[in-house]
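These features come from Swiss-Prot:
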ACT_SITE  Asp11  active site
ACT_SITE  Glu71  active site
ACT_SITE  Asp143  active site
BINDING   Asp11, Asp143  Mg(2+) 1 binding site
BINDING   Glu71  Mg(2+) 2 binding site
Amino acid sequence: MQNTIRIVGIDPGLRRTGWGIIDTLGNSLRFVASGTVTSDGDMDLASRLCQLHDGLAEVVHTYKPDEAAVEQTFVNKDAVATLKLGQARGIAMLVPARAGLRVSEYAPNAVKKAVIGVGHGEKHQIHMMLKILMPKVEFKGDDAADALAIAICHAHNRGSNRMREALAG
């Protein structure tokens, strides 16, 4: 008998970190909640990272997910922005890991492929597919929608991830 698995998907960002919670049982997906954690751009970097940490910790405490998935970041031309995004991503991985969750990582094109079938889709396509896959879905903004897509990607790939880990030793 299968158990329901609760997954938190996290779309890291220094200004806004999106989060989405879904329940999965076999192939079925059920929307639970979504939102964003924001940091105050007028504060210093350490304080902003603390805001992200505290906000995500509250999400994990409230919804008690079983597993976590975080989107991998890309390197862009602005090295400082890339480093700051990497620090926010570190918080996004640390919070669920400290709560004892297994944290998986997915490239943006893998997330899009899992949700819309191709690796290079548009935001509106993701929004539309979220509504098809989970008719009761609610999200405010792209960050929360992306986080839900990350959670769905993990739901579709969690079995293959376990197989890879088992084969790796």
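Along the chain as shown, the residues are counted starting at 1.
Cβ from N, Cα, C; glycine included.
Taking every protein chain shown into account, Asp11, Asp143 are the active-site residues, and of these the Cβ with the most other Cβ atoms within 10 Å belongs to Asp11. Rounded to a whole number, the C-alpha distance linking Asp11 (active site) with Glu71 (active site) is 6 angstrom. The 10 Å shell around the Cβ of Glu71 (active site) contains 24 further Cβ atoms across the protein chains shown.
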